[in-house]
Amino acid sequence: MEISYYEILEITQNADKETIKKAYRKMALKYHPDRNQGDKEAEDKFKLVNEAYEVLSNDEKRAIYDRYGKDALKGGGFGSNSSGFGGFEDLGDIFSSFFGESFGSSSRRRKSSNDEKIPSDFIFNLKLSFKEAVFGCKKNIDFTYKCSCKTCNGTGAKDGKLQTCPKCQGRGQVGVSQGFITFAQTCPDCQGSGEKASEKCNDCKGLGYNESKDSVELNIPEGVDTGMKLRVNAKGNILKNNTRGDMYVKIIAAEDDTFIRDDDDIYIEFPVFFTQAILGQSIKVPTIRGEVTLNLPKGAKDGQRFVLEKEGVKDVHSSRIGNQIVQISIKFPTSLNDEQKELLEKLSESFGIKDGMHQEQKGLFEKIANWFKS
(Lines of atoms letter the chains of each structure in order from A and count residues from 1; the text may use other names and numbers.)
(Lines give C-alpha, C1' and ligand atoms only; values in the text may rest on other atoms or scores of the structure.)
Protein backbone atom coordinates (compact mmCIF):
# COMPACT_ATOMS: atom_id res chain seq x y z
CA MET A 1 0.00 0.00 0.00
CA GLU A 2 1.39 3.40 -1.05
CA ILE A 3 2.19 5.77 1.79
CA SER A 4 0.29 9.07 1.64
CA TYR A 5 1.85 12.54 1.55
CA TYR A 6 0.37 13.20 4.98
CA GLU A 7 2.07 10.11 6.38
CA ILE A 8 5.37 11.13 4.79
CA LEU A 9 5.26 14.46 6.66
CA GLU A 10 3.76 12.77 9.73
CA ILE A 11 0.74 15.07 9.88
CA THR A 12 -3.04 14.66 9.83
CA GLN A 13 -5.19 15.31 6.76
CA ASN A 14 -6.70 18.47 8.30
CA ALA A 15 -3.29 20.07 9.03
CA ASP A 16 -3.05 23.79 8.24
CA LYS A 17 -0.31 25.41 6.17
CA GLU A 18 1.80 26.38 9.17
CA THR A 19 1.73 22.80 10.46
CA ILE A 20 2.67 21.51 7.01
CA LYS A 21 5.57 23.95 6.81
CA LYS A 22 6.87 22.99 10.27
CA ALA A 23 6.57 19.29 9.46
CA TYR A 24 8.45 19.80 6.20
CA ARG A 25 11.20 21.68 7.99
CA LYS A 26 11.59 18.85 10.50
CA MET A 27 11.62 16.04 7.94
CA ALA A 28 13.78 17.85 5.38
CA LEU A 29 16.35 18.62 8.05
CA LYS A 30 16.34 14.98 9.16
CA TYR A 31 16.89 13.51 5.69
CA HIS A 32 18.84 16.32 3.99
CA PRO A 33 21.71 14.98 1.83
CA ASP A 34 24.23 17.29 3.53
CA ARG A 35 23.54 15.50 6.80
CA ASN A 36 23.32 11.99 5.34
CA GLN A 37 26.11 11.85 2.79
CA GLY A 38 26.23 8.50 1.01
CA ASP A 39 22.94 7.32 2.55
CA LYS A 40 20.74 6.25 -0.38
CA GLU A 41 17.73 5.57 1.85
CA ALA A 42 17.89 9.07 3.35
CA GLU A 43 18.23 10.54 -0.15
CA ASP A 44 15.07 8.74 -1.31
CA LYS A 45 13.15 9.87 1.78
CA PHE A 46 14.32 13.47 1.22
CA LYS A 47 12.88 13.34 -2.30
CA LEU A 48 9.57 12.04 -0.97
CA VAL A 49 9.46 14.77 1.68
CA ASN A 50 9.97 17.44 -1.01
CA GLU A 51 7.34 15.81 -3.20
CA ALA A 52 4.84 15.77 -0.35
CA TYR A 53 5.48 19.40 0.56
CA GLU A 54 5.22 20.56 -3.05
CA VAL A 55 1.69 19.17 -3.22
CA LEU A 56 0.35 19.88 0.26
CA SER A 57 1.65 23.46 0.37
CA ASN A 58 -0.27 24.29 -2.82
CA ASP A 59 -4.03 24.64 -2.25
CA GLU A 60 -5.01 23.59 -5.77
CA LYS A 61 -2.71 20.57 -5.90
CA ARG A 62 -3.72 19.56 -2.38
CA ALA A 63 -7.42 19.68 -3.28
CA ILE A 64 -6.84 17.52 -6.36
CA TYR A 65 -4.71 15.10 -4.34
CA ASP A 66 -7.27 14.81 -1.54
CA ARG A 67 -10.06 14.08 -4.01
CA TYR A 68 -8.40 11.98 -6.71
CA GLY A 69 -5.03 10.87 -5.34
CA LYS A 70 -1.49 11.16 -6.68
CA ASP A 71 -2.26 9.85 -10.18
CA ALA A 72 -4.40 12.90 -10.91
CA LEU A 73 -1.35 15.13 -10.48
CA LYS A 74 0.84 13.34 -13.02
CA GLY A 75 1.79 15.32 -16.05
CA GLY A 76 2.04 18.67 -14.28
CA GLY A 77 0.10 21.74 -15.29
CA PHE A 78 -1.34 22.36 -11.83
CA GLY A 79 -0.76 25.62 -10.04
CA SER A 80 1.10 28.73 -11.10
CA ASN A 81 4.42 27.91 -9.48
CA SER A 82 6.37 26.07 -12.17
CA SER A 83 9.75 26.34 -10.48
CA GLY A 84 9.09 23.45 -8.10
CA PHE A 85 10.28 25.36 -5.01
CA GLY A 86 6.95 26.08 -3.34
CA GLY A 87 7.04 29.87 -3.90
CA PHE A 88 10.73 30.44 -3.10
CA GLU A 89 12.87 32.35 -5.54
CA ASP A 90 15.76 29.90 -5.99
CA LEU A 91 17.28 26.67 -4.78
CA GLY A 92 19.00 28.17 -1.76
CA ASP A 93 16.11 30.33 -0.54
CA ILE A 94 13.97 27.38 0.45
CA PHE A 95 16.76 26.17 2.76
CA SER A 96 17.67 29.58 4.15
CA SER A 97 13.99 30.20 4.93
CA PHE A 98 13.69 26.94 6.84
CA PHE A 99 17.19 26.33 8.18
CA GLY A 100 18.89 29.71 8.39
CA GLU A 101 22.37 30.71 7.32
CA SER A 102 23.85 27.25 7.89
CA PHE A 103 22.19 26.22 4.64
CA GLY A 104 21.92 29.70 3.14
CA SER A 105 21.06 30.77 -0.40
CA SER A 106 22.70 29.16 -3.37
CA SER A 107 25.18 32.01 -3.71
CA ARG A 108 26.21 31.74 -0.07
CA ARG A 109 26.45 27.94 -0.32
CA ARG A 110 28.94 28.16 -3.16
CA LYS A 111 32.38 26.99 -2.18
CA SER A 112 35.26 29.42 -2.36
CA SER A 113 37.87 28.90 -5.07
CA ASN A 114 40.38 28.82 -2.23
CA ASP A 115 38.74 25.70 -0.79
CA GLU A 116 40.82 22.56 -0.77
CA LYS A 117 39.94 19.83 -3.24
CA ILE A 118 41.20 17.24 -0.77
CA PRO A 119 40.53 16.68 2.94
CA SER A 120 43.44 16.97 5.34
CA ASP A 121 42.76 13.56 6.92
CA PHE A 122 41.94 10.20 5.42
CA ILE A 123 41.15 6.66 6.57
CA PHE A 124 43.31 3.62 5.87
CA ASN A 125 41.67 0.21 6.36
CA LEU A 126 44.01 -2.28 8.03
CA LYS A 127 43.13 -5.98 8.12
CA LEU A 128 44.38 -7.95 11.12
CA SER A 129 44.18 -11.60 12.01
CA PHE A 130 42.19 -12.59 15.11
CA LYS A 131 45.42 -13.18 17.02
CA GLU A 132 47.00 -9.87 15.94
CA ALA A 133 43.96 -7.91 17.12
CA VAL A 134 43.78 -9.73 20.46
CA PHE A 135 47.46 -9.61 21.40
CA GLY A 136 48.70 -6.59 19.43
CA CYS A 137 51.49 -6.56 16.87
CA LYS A 138 53.80 -4.44 14.75
CA LYS A 139 52.73 -3.67 11.22
CA ASN A 140 54.58 -2.02 8.36
CA ILE A 141 52.05 -0.47 6.00
CA ASP A 142 52.45 1.18 2.62
CA PHE A 143 49.85 3.79 1.72
CA THR A 144 49.05 6.50 -0.81
CA TYR A 145 48.30 10.08 0.18
CA LYS A 146 47.31 13.19 -1.77
CA CYS A 147 49.33 16.38 -2.13
CA SER A 148 47.83 19.65 -3.38
CA CYS A 149 49.19 20.39 -6.85
CA LYS A 150 51.91 23.07 -6.75
CA THR A 151 51.62 23.84 -10.45
CA CYS A 152 47.98 25.02 -10.32
CA ASN A 153 47.84 25.81 -6.58
CA GLY A 154 45.32 23.04 -6.11
CA THR A 155 42.73 24.50 -8.51
CA GLY A 156 43.03 21.84 -11.22
CA ALA A 157 43.19 24.62 -13.84
CA LYS A 158 46.06 25.48 -16.14
CA ASP A 159 47.95 28.46 -14.68
CA GLY A 160 45.41 28.39 -11.82
CA LYS A 161 42.81 30.24 -13.91
CA LEU A 162 39.14 29.41 -13.30
CA GLN A 163 35.93 30.48 -15.01
CA THR A 164 32.32 30.55 -13.84
CA CYS A 165 30.82 27.08 -14.12
CA PRO A 166 28.47 27.10 -17.15
CA LYS A 167 26.27 24.31 -15.77
CA CYS A 168 25.24 26.00 -12.51
CA GLN A 169 26.05 29.61 -13.50
CA GLY A 170 28.29 29.99 -10.48
CA ARG A 171 25.66 28.93 -7.94
CA GLY A 172 27.34 25.67 -6.96
CA GLN A 173 23.96 23.91 -7.17
CA VAL A 174 21.67 22.65 -9.90
CA GLY A 175 18.00 21.72 -9.92
CA VAL A 176 17.21 18.04 -10.39
CA SER A 177 13.65 17.10 -11.38
CA GLN A 178 11.82 13.98 -10.33
CA GLY A 179 8.29 13.93 -11.63
CA PHE A 180 6.90 17.39 -10.92
CA ILE A 181 9.32 18.01 -8.03
CA THR A 182 12.63 19.84 -8.37
CA PHE A 183 15.21 19.80 -5.61
CA ALA A 184 18.71 21.19 -5.11
CA GLN A 185 21.83 19.12 -5.67
CA THR A 186 25.53 19.96 -5.63
CA CYS A 187 26.67 20.74 -9.16
CA PRO A 188 28.40 17.62 -10.56
CA ASP A 189 30.62 19.67 -12.90
CA CYS A 190 32.24 21.98 -10.33
CA GLN A 191 31.51 19.96 -7.14
CA GLY A 192 29.80 22.99 -5.63
CA SER A 193 32.58 25.55 -6.10
CA GLY A 194 30.74 27.52 -8.80
CA GLU A 195 33.97 27.67 -10.80
CA LYS A 196 35.52 25.36 -13.36
CA ALA A 197 38.79 25.11 -15.20
CA SER A 198 38.60 26.27 -18.79
CA GLU A 199 41.73 24.18 -19.41
CA LYS A 200 42.98 21.41 -17.14
CA CYS A 201 46.34 21.53 -15.42
CA ASN A 202 48.77 19.24 -17.25
CA ASP A 203 50.49 18.21 -14.04
CA CYS A 204 47.48 16.96 -12.02
CA LYS A 205 45.12 16.36 -15.00
CA GLY A 206 42.56 18.74 -13.51
CA LEU A 207 42.28 16.95 -10.17
CA GLY A 208 43.97 19.66 -8.12
CA TYR A 209 46.23 17.15 -6.41
CA ASN A 210 48.90 14.54 -7.07
CA GLU A 211 49.34 11.21 -5.32
CA SER A 212 52.46 10.05 -3.50
CA LYS A 213 53.46 6.91 -1.62
CA ASP A 214 54.63 6.62 1.97
CA SER A 215 55.12 3.95 4.62
CA VAL A 216 55.03 3.75 8.39
CA GLU A 217 55.56 1.16 11.13
CA LEU A 218 52.64 0.89 13.52
CA ASN A 219 52.53 -0.54 17.02
CA ILE A 220 49.06 -2.05 17.21
CA PRO A 221 48.00 -2.18 20.89
CA GLU A 222 46.60 -5.30 22.52
CA GLY A 223 42.82 -5.63 22.39
CA VAL A 224 41.89 -3.62 19.28
CA ASP A 225 38.72 -4.64 17.46
CA THR A 226 36.88 -4.02 14.20
CA GLY A 227 35.80 -0.39 13.77
CA MET A 228 38.40 1.09 16.11
CA LYS A 229 40.59 3.86 14.66
CA LEU A 230 44.21 4.68 15.46
CA ARG A 231 45.44 8.17 14.58
CA VAL A 232 48.84 8.51 12.95
CA ASN A 233 49.93 12.14 13.25
CA ALA A 234 51.18 14.03 10.18
CA LYS A 235 50.69 11.14 7.76
CA GLY A 236 47.59 12.51 6.05
CA ASN A 237 47.19 14.62 2.90
CA ILE A 238 49.30 17.73 2.23
CA LEU A 239 47.29 20.92 1.64
CA LYS A 240 48.03 24.15 -0.25
CA ASN A 241 49.69 25.77 2.76
CA ASN A 242 51.98 22.74 3.13
CA THR A 243 50.31 21.56 6.34
CA ARG A 244 49.84 17.82 6.56
CA GLY A 245 46.82 16.15 8.10
CA ASP A 246 46.54 12.84 9.92
CA MET A 247 45.94 9.30 8.78
CA TYR A 248 43.33 7.28 10.67
CA VAL A 249 43.96 3.55 10.61
CA LYS A 250 40.64 1.70 10.80
CA ILE A 251 40.92 -1.81 12.20
CA ILE A 252 39.24 -4.75 10.46
CA ALA A 253 39.81 -7.82 12.64
CA ALA A 254 39.25 -11.32 11.25
CA GLU A 255 37.04 -13.84 13.00
CA ASP A 256 38.31 -17.13 14.42
CA ASP A 257 37.03 -20.64 13.71
CA THR A 258 37.09 -21.62 17.40
CA PHE A 259 36.70 -18.51 19.51
CA ILE A 260 33.90 -15.95 19.21
CA ARG A 261 34.77 -12.45 20.43
CA ASP A 262 32.27 -10.04 21.98
CA ASP A 263 34.16 -6.89 22.99
CA ASP A 264 36.57 -8.16 25.66
CA ASP A 265 34.82 -11.48 26.29
CA ILE A 266 35.50 -14.73 24.46
CA TYR A 267 32.88 -17.41 23.82
CA ILE A 268 33.49 -21.05 22.94
CA GLU A 269 31.21 -24.04 22.50
CA PHE A 270 33.00 -27.11 23.85
CA PRO A 271 31.95 -30.75 23.34
CA VAL A 272 31.56 -32.87 26.51
CA PHE A 273 30.90 -36.63 26.52
CA PHE A 274 27.69 -37.54 28.35
CA THR A 275 29.50 -39.57 31.03
CA GLN A 276 31.74 -36.57 31.82
CA ALA A 277 28.64 -34.42 32.34
CA ILE A 278 26.87 -37.02 34.47
CA LEU A 279 29.88 -37.78 36.68
CA GLY A 280 31.08 -34.18 36.93
CA GLN A 281 34.62 -34.71 35.72
CA SER A 282 37.43 -32.21 35.18
CA ILE A 283 38.08 -31.33 31.54
CA LYS A 284 40.75 -29.37 29.67
CA VAL A 285 39.38 -26.34 27.84
CA PRO A 286 41.31 -24.20 25.29
CA THR A 287 41.58 -20.44 25.84
CA ILE A 288 43.29 -17.74 23.80
CA ARG A 289 46.33 -18.13 26.09
CA GLY A 290 46.41 -21.93 26.39
CA GLU A 291 44.64 -24.78 28.20
CA VAL A 292 42.87 -24.42 31.55
CA THR A 293 41.02 -26.91 33.74
CA LEU A 294 37.25 -26.67 34.10
CA ASN A 295 35.61 -28.68 36.88
CA LEU A 296 32.19 -29.78 35.71
CA PRO A 297 29.51 -30.21 38.38
CA LYS A 298 27.72 -33.56 38.53
CA GLY A 299 24.76 -33.64 36.19
CA ALA A 300 25.94 -30.71 34.03
CA LYS A 301 23.32 -29.86 31.42
CA ASP A 302 23.57 -29.41 27.68
CA GLY A 303 24.02 -25.72 26.84
CA GLN A 304 25.11 -24.85 30.39
CA ARG A 305 27.61 -21.98 30.56
CA PHE A 306 30.69 -21.61 32.73
CA VAL A 307 32.71 -18.42 33.21
CA LEU A 308 36.50 -18.50 33.21
CA GLU A 309 37.44 -15.17 34.78
CA LYS A 310 40.18 -13.07 33.17
CA GLU A 311 40.66 -15.50 30.30
CA GLY A 312 39.33 -13.02 27.74
CA VAL A 313 40.84 -10.03 25.92
CA LYS A 314 42.66 -7.16 27.57
CA ASP A 315 40.74 -3.89 27.26
CA VAL A 316 42.56 -1.56 24.87
CA HIS A 317 41.86 1.47 27.09
CA SER A 318 42.66 -0.05 30.50
CA SER A 319 44.25 -3.00 32.26
CA ARG A 320 40.91 -4.82 32.60
CA ILE A 321 40.77 -8.33 31.15
CA GLY A 322 37.54 -9.90 29.96
CA ASN A 323 36.25 -13.39 30.64
CA GLN A 324 35.89 -16.55 28.61
CA ILE A 325 32.46 -18.13 28.57
CA VAL A 326 32.39 -21.88 27.90
CA GLN A 327 29.10 -23.35 26.71
CA ILE A 328 29.13 -27.14 26.84
CA SER A 329 27.51 -29.32 24.20
CA ILE A 330 26.83 -32.84 25.50
CA LYS A 331 27.66 -35.59 23.03
CA PHE A 332 26.26 -39.12 22.94
CA PRO A 333 27.68 -42.19 21.19
CA THR A 334 26.15 -42.94 17.80
CA SER A 335 27.16 -46.62 17.79
CA LEU A 336 27.80 -49.22 20.52
CA ASN A 337 29.55 -52.57 20.63
CA ASP A 338 27.95 -55.51 22.43
CA GLU A 339 29.78 -54.90 25.68
CA GLN A 340 28.86 -51.19 25.79
CA LYS A 341 25.24 -51.97 24.96
CA GLU A 342 25.06 -54.56 27.77
CA LEU A 343 26.55 -52.12 30.28
CA LEU A 344 24.08 -49.39 29.36
CA GLU A 345 21.14 -51.79 29.58
CA LYS A 346 22.23 -52.81 33.06
CA LEU A 347 22.64 -49.14 34.00
CA SER A 348 19.15 -48.42 32.67
CA GLU A 349 17.66 -51.24 34.73
CA SER A 350 19.49 -50.04 37.84
CA PHE A 351 17.59 -46.75 37.54
CA GLY A 352 14.28 -48.60 37.55
CA ILE A 353 13.51 -48.23 33.87
CA LYS A 354 11.18 -51.10 32.93
CA ASP A 355 9.02 -51.73 29.85
CA GLY A 356 10.79 -48.81 28.16
CA MET A 357 9.48 -46.30 30.69
CA HIS A 358 11.04 -44.48 33.64
CA GLN A 359 9.12 -44.01 36.90
CA GLU A 360 8.86 -40.23 36.34
CA GLN A 361 7.38 -40.85 32.90
CA LYS A 362 4.80 -43.20 34.39
CA GLY A 363 3.85 -40.57 36.94
CA LEU A 364 3.28 -38.03 34.19
CA PHE A 365 1.03 -40.39 32.23
CA GLU A 366 -0.98 -41.11 35.39
CA LYS A 367 -1.50 -37.36 35.94
CA ILE A 368 -2.75 -36.93 32.39
CA ALA A 369 -5.08 -39.93 32.72
CA ASN A 370 -6.58 -38.48 35.90
CA TRP A 371 -7.02 -35.12 34.13
CA PHE A 372 -9.20 -36.75 31.47
CA LYS A 373 -11.26 -38.59 34.13
CA SER A 374 -12.04 -35.43 36.13
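Cβ atoms are placed via backbone N, Cα and C, with glycine included.
Taken straight from Swiss-Prot:
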- 4-69: domain 'J' (DOMAIN)
- 136-213: zinc finger (ZN_FING)
- 149-156: repeat 'CXXCXGXG motif' (REPEAT)
- C149, C152, C201, C204: Zn(2+) 1 binding site (BINDING)
- 165-172: repeat 'CXXCXGXG motif' (REPEAT)
- C165, C168, C187, C190: Zn(2+) 2 binding site (BINDING)
- 187-194: repeat 'CXXCXGXG motif' (REPEAT)
- 201-208: repeat 'CXXCXGXG motif' (REPEAT)
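What Swiss-Prot annotates, mapped onto the structure for a quick look.
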| residue | record | DSSP class |
| --- | --- | --- |
| C149 | Zn(2+) 1 binding site | coil |
| C165 | Zn(2+) 2 binding site | coil |
| C187 | Zn(2+) 2 binding site | coil |
| C201 | Zn(2+) 1 binding site | coil |
_When distances run from the Cα of C149 (Zn(2+) 1 binding site) to each of the binding-site residues C168, C187, C190, the nearest one_ = C190
*asked:* How about long-range neighbours of the repeat 'CXXCXGXG motif' (201-208): same chain, 6 or more residues beyond its ends, C-beta under 8 Å?
replied: 117-118, 148-152, 154-158
*Would you kindly list the residues that approach the repeat 'CXXCXGXG motif' (149-156) from elsewhere in its chain, counting only those six or more residues past its ends and only Cβ-Cβ distances under 8 Å?*
113, 116-118, 162, 197, 200-204, 206-210, 239-240
_C201 (Zn(2+) 1 binding site) and C187 (Zn(2+) 2 binding site), distance between Cα atoms, whole Å_ = 21
*Looking only at the repeat 'CXXCXGXG motif' (187-194), what is the mean pLDDT?*
82
*Taking the recorded Zn(2+) 1 site as C149, C152, C201, C204, identify the other residues of that chain whose CB atom sits within 8 Å of the mean position of the site's CB atoms, giving them in sequence order.*
K150, T151, N153, G154, T155, G156, A157, K200, N202, D203, K205, G206, L207, G208, Y209, N210
*Restricting the comparison to the binding-site residues C165, C168, C190, which residue's C-alpha is spatially nearest the C-alpha of C204 (Zn(2+) 1 binding site)?*
C190
_Tally of residues which DSSP labels helix, strand or coil - the domain 'J' (4-69)_ = 49 helix, 0 strand, 17 coil
*Specify all same-chain residues, apart from the site residues C165, C168, C187, C190, whose Cβ lies within 8 angstroms of the center of the Cβ atoms of the Zn(2+) 2 site, ordered by sequence.*
P166, K167, Q169, G170, R171, G172, Q173, V174, P188, D189, Q191, G192, S193, G194, E195, K196
